[in-house]
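Novice: Okay, these came from Swiss-Prot:
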- Gly120, Ser121, Asn122, Gly123, Lys124, Thr125, Thr126: ATP binding site (BINDING)
Amino acid sequence: MKEIDKYAGKNILVLGLGRSGFAVSKLLLKLGARLTLNDKADLAADPKAKQLADLGVRVIGGSHPVDLFDEEKFDYLVKNPGIPYENPMVAKASEKGVPIITEPEVALSASESPYVCVTGSNGKTTTVMLTQQIMDHYLQKQGHHAYAVGNIGWPISEVVLNQAGPDDLLVVEMSSFQLMGVTDIEPKVAAIVDIYNNVHLDYHKTFDNYVDAKLNVGRFQKTSDYFLANFDQKDILAREEKATKAKILTFSENDPVADFYIGQDYLMHGEEKMMKIADIKLPGIHNLQNSLVAIGISSLMGAGKDDIAAVLSTFTGAEHRLQYVTTLDGVKVYNDSKSTNIEAATVAIQSFKQPEVLLAGGLDRGFVFDSLVDLFKKHVKAIVTYGETRYLLADAARKAGIKTIVVVDNLHEGVKAASKLAEAGDVLLFSPACASWDQFKTFEERGEYFVKYVKELEEK
């Protein structure tokens, strides 16, 4: 941890006692701040709340008392990224002119380790995991490590406080929720894998707001830093060029004009062959793109082709992201629960040459699934739909001419139905194309239940 004066002696309100709220509170205490922690949940029996109270934090649970801002002056409000800006406490802080920041900004300002940041609508977690493993392979030769932190599930504050040293590297996954509140981060390399519409618009309200939040990943970089941009998304690229001072390098699915691109047989950096495509374990063109971005970041940070090959030739996927689960009677089963929108489902469905039995459905967020019709025609032999969107997806399947369409209420029934339809040589693909919140708390929980139900079939 780097000693900084920014938060020393400051009166700070931390909003939300999740894992990141707990971690950033401990870091801020170490940096000399005075803390109040507030969560609308009852914290009377919460062990984390007790631990913070024992360290001198004023803990207030059970409500969001906006009159706190009338009782005393706060220098900062550190909010959980998932808490919307319409929250009464956040709105009151804004009204009072209190700077509103999030955990990543606090943690990265105190990091003595250099860091790189990755964001995007789809693919950021896989890209972060690949980058972390490549860089760890490289750094271990020197006795150091790379850590995958941030939106991937490990609070940056926790690693900055307890693990990472000056010769280590933080590979940071950042969501649009985290980036929206950022006012000062400077990654050595920033990357935006892709940006699609219809993602988190319930939080950001407009697509422009969503893009602006994503662009914060490189907005505060210097000319000595690097920014990796998707050459194939020209409208976004134009905005990236205006947003960052860093040197922009581009990547593309097939255009050799880009700095990094997917060639005929190799992932390329200019004329240099970086990795043989046939040796990459992850399926799908989108994972070649994720691999390409990881290669770009890692090579800029010093890793060699031996480090890249060691990881890409063995890495089989992140949980819930086109994750291979098992083979049932000759049917390969994949868990793509992270597919919470149409774009993510599209890349998953396109990833296989074998006939697919698709299991899809979930929360109805107003998506129109007609854009999947042509894709269904080319790849899907049968479909099982469930959840709030079951009839909408079934209707799209009918338009595609799919003859075998099964509509069920829940995921458990869906797994059983899909397994009966799939034959040896097929792929059973769970790619919901919808958020999980109609029946599950998170896409991770949804994916865990999918794997559980598949394993139950395997044991019969």
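The backbone N, Cα and C atoms fix where each Cβ goes, and this holds for glycine too.
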Novice: Residues other than Gly120, Ser121, Asn122, Gly123, Lys124, Thr125, Thr126 within 8 Å, Cβ to Cβ centroid, of the ATP site?
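Specialist: Residues close to the ATP site, other than Gly120, Ser121, Asn122, Gly123, Lys124, Thr125, Thr126: Val118, Thr127, Val193, Asp194, Asn290.
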Novice: Would you count the other CB atoms within 10 A of the CB of Ser121 (ATP binding site), including those on all shown protein chains?
Specialist: 21
Novice: Any idea what DSSP makes of Ser121 (ATP binding site), helix, strand or coil?
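Specialist: The residue in question, Ser121 (ATP binding site), is coil (DSSP, three-state).
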Novice: Please identify, from the binding-site residues Asn122, Thr125, Thr126, the residue with the sparsest Cβ neighbourhood, meaning fewest other Cβ atoms within 10 angstroms.
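Specialist: Counting other Cβ atoms within 10 Å of each of the binding-site residues Asn122, Thr125, Thr126, the minimum falls on Thr125.
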Novice: For the binding-site residues Gly120, Gly123, which one has its C-beta crowded by the most other C-beta atoms within 10 angstroms?
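Specialist: It comes out as Gly120.
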Novice: Provide the number of Cβ atoms within 10 Å of the Cβ of Lys124 (ATP binding site), excluding the reference atom itself.
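Specialist: Its Cβ shell of radius 10 Å holds 25 other Cβ atoms.
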